Amino acid sequence: MAATKEGKLVYNIYRALSFGAAPVLNLYLRFRRFRGREHPHRWTERLGRPSLPRPLGPLLWFHAVSLGEGMAAIPIIKQCIKQRPDLNILMTTTTASAFEVINKRLPSGVIYQFAPLDTLTAVRAFVDYWKPNAIILIESELWPNLIMTASANGIVLALLNARMSAKSFKHFSGPVLLPLISLMLSKFSLIVPLSNMQAIQFQLLQAPPCVINFSGDLKCVVEDFDVSEGELRSIEDLKLELAHRQVWMASSIHRGEEEIMLGVHRELTKIHPDMVTILVPRVPRHGLEITQELRKKGQNVALRSRHEKLVAGTNIYVVDTLGELRLLYGLTPIAVVGGSFLPGLAGHNILEAAAAGCAVLTGRHIGHFSQMVLEMQQLNSLSVLQVFGKLELVNALKELFSDAKVLEARRMAAKQAYHSLSSGIVSSVWNLLNSHVFKRVALLEDPSLQFSRFESFTLRYNLLVAITVLGSSGQANILIYLFFRTASLGAQKH
């Protein structure tokens, strides 16, 4: 009880601070819009102002911070639509880059909005308008105003792919914030951590053990998606340009990592002069910057956004577009997944490359993706190779390009590991949502059909009379179930 009081006190302080900071955040949002970092026409959605009408009926709200987390949510969204086509689905993310890609990948009928800032005014406006029956958060989206407002409105909360970085865990474990995070986690009906270690961390932060369940990592599920004729034609054209040339890709690279990859490129082209290195920066705008820097040094570079061709003498191809990575993996036998070669980085999803049948390499700085790497290596030690720095990467790539059998073995191992890890995850997550979220409230019923307190009491009284008369017969067992069901409906309504 004392911890709850402390948590409420800390939350009240946060709420007051966020209320006071709201005008500054609104100005900052306008500044970001001016800089092109927010959507030019839909940025006001971040203030809780909707741009689309709310449909009638129950509504599930899925929220993910950015592109990777949003893509991970799509398979379970599709499963929800398949199992319950009568449900309305609302999807939110926070970044403009995620919006551009995810908006094309979502199933038809899914409503897509930008998530509100975690100010009380924005969150309340958003929740009051959309009136979600349940909110399903992805990974580490633990926002106090959102969670407490949802709880106050009787909205069921779930956290899928739940994770917390070591830095965040240390932050929340302190005496000031522990009561707040404990209070927030107590509001969830379901928490599905990425790993046993993550589960331990959430329990140390006082998440109720009864709500913690396991299903697997949704990022392991790499589904096919519809591709426009233009996209398909562009990929096929690039495939023809790469024909008869040795290729490797460095994907999701962060600023600073391009120097490592270009150093590797220089070493490899000494042996294979016609080799093509595909560079895919994590942030697309960095692609133009890298291209300009290389051209100043006299390098022949092709830039994808400008539809430049890989002509003879051009052996660096820079991809500065969004949403094509999965398609591009299909063009290369080798993928070096970045975000992992410099201290402070935390890796990226390697299973997208594995699903495409690439030989997968990554660095040592992989954060929570260490669990994914460990599971792949336990299935087959050839499925992913971790290297430390430029020299190890050069030697590993030299071996792959010189030994076709080793390359093929690594490609097959990666794809087999992907199939093993991705199997059954979506159905498992669906079953958990169905058991721990949907059945906790009258989620799939029209609110007008829910019982009032008096109606619920009257019906339960009549059921008790009928149970007494019928004794232990089969009909009595059915009535007993109905008794407890109406009791739960009455409690949820009030």
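Cβ atoms are placed via backbone N, Cα and C, with glycine included.
What TrEMBL says about a protein is an automatic prediction, not a curated fact.
Not measured: the values here are computed from a predicted model.
Looking at 172-194, 310-332, the range annotated in TrEMBL as transmembrane segment turns out to be 172-194. Cβ atoms under 8 Å from those of the transmembrane segment (172-194) belong to residues 3-4, 6-11, 14, 142, 144, 147-148, 150-151, 156-164, 201-202, 204-208, 211-215, 217, 368, 371, 429, 432-433, 436-437, 440 of the same chain, restricted to positions at least 6 beyond its ends.
Glu139 (site 'Transition state stabilizer') falls within neither a helix nor a strand when secondary structure is assigned with DSSP, and so counts as coil.
DSSP gives Lys219 (site 'Transition state stabilizer') a helix state. In sequence order, Gly68, Met71, Ala72, Asn161, Asn349, Leu351, Met372 are the residues near Lys219 (site 'Transition state stabilizer'), counting only same-chain partners six or more apart with C-beta under 8 A. Rounded to a whole number, the distance between the Cα atoms of Glu139 (site 'Transition state stabilizer') and Glu69 (active site, proton acceptor) is 7 Å.
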